[in-house]
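What follows is one structure encoded as structure tokens, with my remarks underneath.
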Protein chains: 6
Amino acid sequence: MPYINIKVTDEGVTAEQKKALIRGTTELMVKVLNKTPNTTFVVIDEVNTDNWGIGYEQVTEIRGK
Amino acid sequence: MPYINIKVTDEGVTAEQKKALIRGTTELMVKVLNKTPNTTFVVIDEVNTDNWGIGYEQVTEIRGK
Amino acid sequence: MPYINIKVTDEGVTAEQKKALIRGTTELMVKVLNKTPNTTFVVIDEVNTDNWGIGYEQVTEIRGK
Amino acid sequence: MPYINIKVTDEGVTAEQKKALIRGTTELMVKVLNKTPNTTFVVIDEVNTDNWGIGYEQVTEIRGK
Amino acid sequence: MPYINIKVTDEGVTAEQKKALIRGTTELMVKVLNKTPNTTFVVIDEVNTDNWGIGYEQVTEIRGK
Amino acid sequence: MPYINIKVTDEGVTAEQKKALIRGTTELMVKVLNKTPNTTFVVIDEVNTDNWGIGYEQVTEIRGK
């Protein structure tokens, strides 16, 4: 039943990393909460660095320094 | 006032299907909760199949079997 | 695979209405997108009217007029 | 049309502060994006400090130091 | 600690406007709730007008009138 | 920078389990994506079983069988 949404900046997350995030998050739900993998959703959102702000600035600006 | 977010995999949802989802969801809010259509938001997010995991696997992997 | 999140104000949504929202939304995913009911999640969030704003005002304020 | 969701810890956000957040956010959408206030939603979620983690710890743990 | 998610239609939001939204939202959290800018996240989601519905219609349809 | 939202039903998630979810998720971001723990947010939402539907039914109904 868990639904897990992972939001990260779109800075080159590879297919392998996505698989690792999905496996790791699902495994955590199984181990900690005894949830069923087949009804555990993991959704990864990749956000443009122009669209993510922290400390008043866009990540694009922060990366540019 | 309702805000409804529909997350589905980006597996070819057509414009007509999106219209049907928006109409159907709005109609449901009107019929069940007597909400006002003009302040009922429906937002559809289409998620890459690499980015959606279920049962430890990416939907891309599941579809590939 | 769909995940649908319905956000409404916490103005007395009954158990029957919640069942109707869950059934209706799931049915819509099946009919429009041919999705599988057993992997279709519907999550209803009920938001305090102090915490929902529209047109500069809290719903609490709007209701109070 | 904008939908803005503000998630903060439930550490005593007052009704006046909620009003200020709703007004300020709506005003920002109007000034920056020329949006219509009557179709601008602001939803505030207050999250228990046990349920918010940063730097490996719950906010409850951080506050307790 | 705040996490603010701004969802708007993808109708040409400029880099400057995104900066203004990030600055303004962060400033609001600092002024109203005394939050720390370096742990205040602002994430902007730009949604295709086909994927946003209001009053039974897609924004694409509404704009086309 | 990651923001992770974990939605589960409110079926007695203990403080210890919440700590384990926060630690495990943060550790996953560090190991897989080399992210900074102090700017990694984990937010856990506990949803009433009346408010979570799967396969046309509320979790409350499913649990009652």
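Cβ atoms here come from the backbone N, Cα and C positions, even for glycine.
Quick look at what TrEMBL annotates:
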- B:Pro2: active site, proton acceptor (ACT_SITE)
- B:2-59: domain '4-oxalocrotonate tautomerase-like' (DOMAIN)
Task: Helix-strand-coil residue split for the domain '4-oxalocrotonate tautomerase-like' (B:2-59), DSSP-based - done: 23 helix, 19 strand, 16 coil
Task: B:Pro2 (active site, proton acceptor), number of other Cβ atoms within 10 Å - done: 23
Open item on the list: On average, what pLDDT score does this prediction assign to the domain '4-oxalocrotonate tautomerase-like' (B:2-59)?
Closed with: 98
